[in-house]
There are 4 protein chains.
Amino acid sequence: MAGNSFGTLFSITTFGESHGKAIGVIIDGCPPNIDIDEDFIQSELDKRRPGQSKITTQRKESDTAQILSGVFEGKSTGTPIAILIPNEDQRSKDYSHIADKYRPSHADFTYQQKYGIRDYRGGGRSSARETAARVAAGAVAKLFLKKHGIEIFAHVSSVGPIEAPNLDTTDLNALLERRENNIARCADPATANEMIALIDEVRKAGDTIGGQVSTIVRHVPAGLGEPVFDKLHADLGKAMLSINAVHGFEYGSGFIGSQMRGSEHNDIFIKENDNVRTRTNFSGGIQGGISNGMDITFRTAFKPVATIMRDQETLNESGEATTITGKGRHDPCVVTRAVIIVEAMTALTLADHFLRNMAYTNER
Amino acid sequence: MAGNSFGTLFSITTFGESHGKAIGVIIDGCPPNIDIDEDFIQSELDKRRPGQSKITTQRKESDTAQILSGVFEGKSTGTPIAILIPNEDQRSKDYSHIADKYRPSHADFTYQQKYGIRDYRGGGRSSARETAARVAAGAVAKLFLKKHGIEIFAHVSSVGPIEAPNLDTTDLNALLERRENNIARCADPATANEMIALIDEVRKAGDTIGGQVSTIVRHVPAGLGEPVFDKLHADLGKAMLSINAVHGFEYGSGFIGSQMRGSEHNDIFIKENDNVRTRTNFSGGIQGGISNGMDITFRTAFKPVATIMRDQETLNESGEATTITGKGRHDPCVVTRAVIIVEAMTALTLADHFLRNMAYTNER
Amino acid sequence: MAGNSFGTLFSITTFGESHGKAIGVIIDGCPPNIDIDEDFIQSELDKRRPGQSKITTQRKESDTAQILSGVFEGKSTGTPIAILIPNEDQRSKDYSHIADKYRPSHADFTYQQKYGIRDYRGGGRSSARETAARVAAGAVAKLFLKKHGIEIFAHVSSVGPIEAPNLDTTDLNALLERRENNIARCADPATANEMIALIDEVRKAGDTIGGQVSTIVRHVPAGLGEPVFDKLHADLGKAMLSINAVHGFEYGSGFIGSQMRGSEHNDIFIKENDNVRTRTNFSGGIQGGISNGMDITFRTAFKPVATIMRDQETLNESGEATTITGKGRHDPCVVTRAVIIVEAMTALTLADHFLRNMAYTNER
Amino acid sequence: MAGNSFGTLFSITTFGESHGKAIGVIIDGCPPNIDIDEDFIQSELDKRRPGQSKITTQRKESDTAQILSGVFEGKSTGTPIAILIPNEDQRSKDYSHIADKYRPSHADFTYQQKYGIRDYRGGGRSSARETAARVAAGAVAKLFLKKHGIEIFAHVSSVGPIEAPNLDTTDLNALLERRENNIARCADPATANEMIALIDEVRKAGDTIGGQVSTIVRHVPAGLGEPVFDKLHADLGKAMLSINAVHGFEYGSGFIGSQMRGSEHNDIFIKENDNVRTRTNFSGGIQGGISNGMDITFRTAFKPVATIMRDQETLNESGEATTITGKGRHDPCVVTRAVIIVEAMTALTLADHFLRNMAYTNER
């Protein structure tokens, strides 16, 4: 209720501050008998980890996941899976200079207003460090979905004004490989190079820049999603908007769809190899809030990171004007790491709706 | 859980199909001692009502709200407020020709896949008729928010390619009046005329067109929204995405923000008449998921309505190719009525977060 | 959240005051394709209805259920089922004499303290009239459970000091018939006669008396109930304790079990016709919070109704001593009607856990 | 949803098996600015700890709590408080002899049926070891309630047939001290001695015995609890019934109340030193599900522990008859340690309802 949980049947609760002892997550509702591949969980965390390349923050965290419960002899037991990720490189002293200052476009001011107290070290709970816990839980969700043949692919589709061209999405695994071949995590190598150059330039200027992540989910069975409020795309949208720095979400035709006419936008049903498909997919695989079996497609927009290596005007807690100096270790462009968080939240949303749909299948 | 409820403390559950006896809503968690102005509730419903102008569906529904419980001598009592809206002009025979056909980009196919049964008359539960119940509940939420000085304004900011210019938003009440002065519900009169002409042209062509709604919420106290998953903008986004035909949501700088640099995007804190404000408002009034006291601003994109007055190819329930004929009474452009639904869902989201925040204020 | 909902997957929300226009319920999460037998729903309501015999309140309500949504051609569609029960015989003037007085052991004082306002007519929301909505919803749950072979039987096992002997429970249907053959709703005819005589004596004395209801649920598959907090018996207990006037709940060996030794209390597993059973059933069919396939057995204790036909001392809203006069139409002993409410809440709890268990069966 | 969470606004989620690496809890919704006294949390855990006296299990666990998050400079910050309790003395080999056997009246059979897999070591998740996490969380809830003057007292009121006499409850702190002066945790010293002798006798016989715990909560403000389903006593009942081995719950007059008449049971309102009170308290401090400001009183019945040191017949996973030998380290009577768990769950329930009530106080 205090907003640190996500999902209803496949549900997670995260905890931990940027500069506390540890962060972590409890997964409640992971079905039993799922193979819990710890190496896979770790490999997912490694993709989100800080310090992995020259275009990410240089904070050093090994982000080593420890499974504390819910797994017996390599399989989930149906009981809560707790995963702990100790904090290692906190360097709290880095933050003493901002203890009583409100960093622009950060959550310092709003936390202080809401709670009357805040852990000012590294943003405390508002730090993107919290998302490591989501990635660990998302990896478990992916293992569950994989058993049911569902594939998830996300990549960086734009950095600032640089946009990737449309991809041939026939083979998502091939795209995934191409994505992992560059530090921008864009599946189009040429665009990736441009992105890396831009991020590097921005970093040297002590600045940051925004970007977008595009996602495809394949082999989702028809029927996932609940009508009215818990539409599949509404829950995916909430999942994305809950990620730090996200300012926009669209699925299928998205914002462009609002400029189209019904006669061009309608997806005509056809039969292909005995399967019902649609000729186009402006619906993004979701109709009336429920998956129709086509690829689910959506796009997530990230604002530029608020921490910049420049002096900025601001106020302190007493409301006096002051200056804040750019210091610390931060990301010039968050999307290259956020790709993994997007995939994790996508997996968690789908796992939850998969189970919700299961509850009623007896009578279908 | 089956997705017909929204909100946690100020919570609503809706029911009813397009062609059943009635639709309605239970509001659970409306605080006591709120003046429940029935005329206001009805006036809100009138703005959403079908048949109100030449550019909306001609289905005739008076949409008369009956309050069944929870109100005593004009005031809320803290117990559930049930509101009933009988269906009047169902004309179920209109739908016999589609009983076994899947209308393109409608929810016929997905409901059949999910449930193995569906009320094919007018889309059943997937009909936008369900949103009348939201508008009634939203009106109650507005009455609660009004007591706390919170104002909500939404208008049609684009229809197809026609976009309204930026508005002077100093006086939201004046904008509201200007919006209600035209059937397009755009607060810029010149743009409104263009929109009306376009919608009329589209209607005559038996086609439909998409559009966008822009929203401003003013005087929201700092502190609303929960960190991590239930961020205020994440819940607003889910609220918007749960409305029929919505394909996109952005707040503050939105998708454009993903092209900006941190040095231009950061909102600098300043003091103005003893209040903490920000010089710009790319954050859209929300930082770290929590309101900061500035205007909350967001934009919602609607796809074109799927029902068009033209013949379309499709499949029937047996998977055979067939043709569906355009018939019935439908909206050429949904946004002129959707404005009220956007405001209603906004009010419900804010009322809920207002109460959630209240729960902890004792210790602040 | 404000406490008018019950259940997570098979979920109900009730509304309505004793003296408003109507009471009712939304069932959200009833699976599709269940035969919704309206006559059965009405027959259940008739068993709870006031005025049905000389030992119940003489308030006249036909309690006619109207299904407003969620049912198409006699079958549930998976969408919310709304059921409306109009109030007919309110006689609000009966309550003018208590408008500003706190009736002893009623909820007048606590509602006033909690909300600062209350609908004083007939207890408003705290009236047992609300339970008619539960009975209607419980009837739908029973129709669902019946499809899966689950049987529920409850009867009045004690009134004041009069206790029914242990029953032969081989044939629950036969017991149900015997229960319905007398107005005390006790399946032992001799005890029933004693109970009726006692209730009649109490009624003539202007007094009321408490009693107990015993319940058996048969053919519940093993596996229902969630470990730790949502144990099956914990949710059954909450369901029972949520019924007006209930002061106690025990399952299996119950309070007597606290006097026993492990060596006599342990239920030994045996094999019978290829089924795993237990030799005794002190566990009441639930072990570790999860059903084991044996009969689920529990007992619910009701205090005497607070409204008595005698003058009583009390305070008014200003805190002044005053006298309250016994007036109105009330039950001398609530258990004869409460039996049906107990069955309804039992059915709702089991339907919910049935669906919750279903969500995970894929991987079992 | 999978049942490992309790509470809505002051909410906890527990994790961990008896023989895994650790158990623990996340508290989500603890208000900010509460003094988090770690010594107090530890002292509560010490009272529940195994091995504390000759009449408890001899398993050695220091049960050392580590706070991982949510506390900054000794105060809660409003973010999730995660508490970790490492397992130390697992001795998994003790359990090899029961790996494929169903222990009578344990959860082995039901877990296997539900999940198709189970961690057989020490009952896994069904072990009472999980309750250490509840005690840690309950200690935090107590610190919150203490700030608002609310006192909780529980003690062992019966062991087998030995029952404590009624106590003079004027000074709950004095009772608490007297309770802690004996290893039976009964506030009546003479009864305590009898209880200890009985438990010792039972232990030597390789047997176990049940008992009861009585609880008083004082200075609860009027208004806590939600009408209809989330009545304060319904949530207290669920809280108690969720504790391992609990078979019964009653509040106020309880089961005895079902034998009384309304004229003797009604609690007459009186004025005492300007406060509204009731002359008697058969209502147990709760009317219509809402606290009335009087002492809240209830009683919880525990069955005898299922693990006995004797040979017992049973079945193995293949359904074959076999014998299970009494081995391991277990409690002859659980109530002496359960007292602390009862207090913890009471504190958690009240903290939750305190916050829920707060959400609406603005308009009262």
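Numbering starts at 1 and runs along the chain as displayed.
Heads up, the Cβ atoms here are built off N, Cα and C, so glycines get one too.
Remember, TrEMBL labels are computer predictions, not curated facts.
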Of D:Arg218, D:Arg261, D:Arg329, residue recorded by TrEMBL at the FMN site of D:Arg125, D:Ser126, D:Ser127, D:Asn244, D:Ala245, D:Gly288, D:Lys303, D:Pro304, D:Val305, D:Ala306, D:Thr307: D:Arg329
Between D:Ser127 (FMN binding site) and D:Arg48 (NADP(+) binding site), the C-alpha gap once rounded to whole angstrom: 14
Helix, strand or coil at D:Ser127 (FMN binding site) [DSSP, three-state]: coil
Spatial neighbours of D:Arg48 (NADP(+) binding site) that are distant in sequence (at least 6 apart) but have CB under 8 A: D:Asp63, D:Thr131, D:Ala132, D:Val135, D:Arg337, D:Ile340, D:Ile341
Greatest inter-residue Cα distance in Å for the FMN-binding set D:Arg125, D:Ser126, D:Ser127, D:Asn244, D:Ala245, D:Gly288, D:Lys303, D:Pro304, D:Val305, D:Ala306, D:Thr307, D:Arg329: 44
Pairwise Cα distance for D:Ala245 (FMN binding site)/D:Lys54 (NADP(+) binding site) [Å, integer]: 21
D:Lys54 (NADP(+) binding site) versus D:Thr307 (FMN binding site) - Cα distance in angstrom: 17
Residue pair D:Lys303 (FMN binding site), D:Lys54 (NADP(+) binding site) - Cα distance, angstrom, rounded: 20
Fewest other C-beta atoms within 10 angstroms, as judged across D:Lys54, D:Arg125, D:Lys303, which are the binding-site residues: D:Lys54
Neighbour count (Cβ, 10 Å) for D:Ser127 (FMN binding site): 21
Greatest C-beta neighbour count within 10 angstroms, which of the binding-site residues D:Ala245, D:Val305: D:Val305
Subset of D:Arg48, D:Lys54, D:Arg125, D:Ser127, D:Ala245, D:Val305 (binding-site residues) with C-beta under 8 Å from chain C: D:Arg125, D:Val305
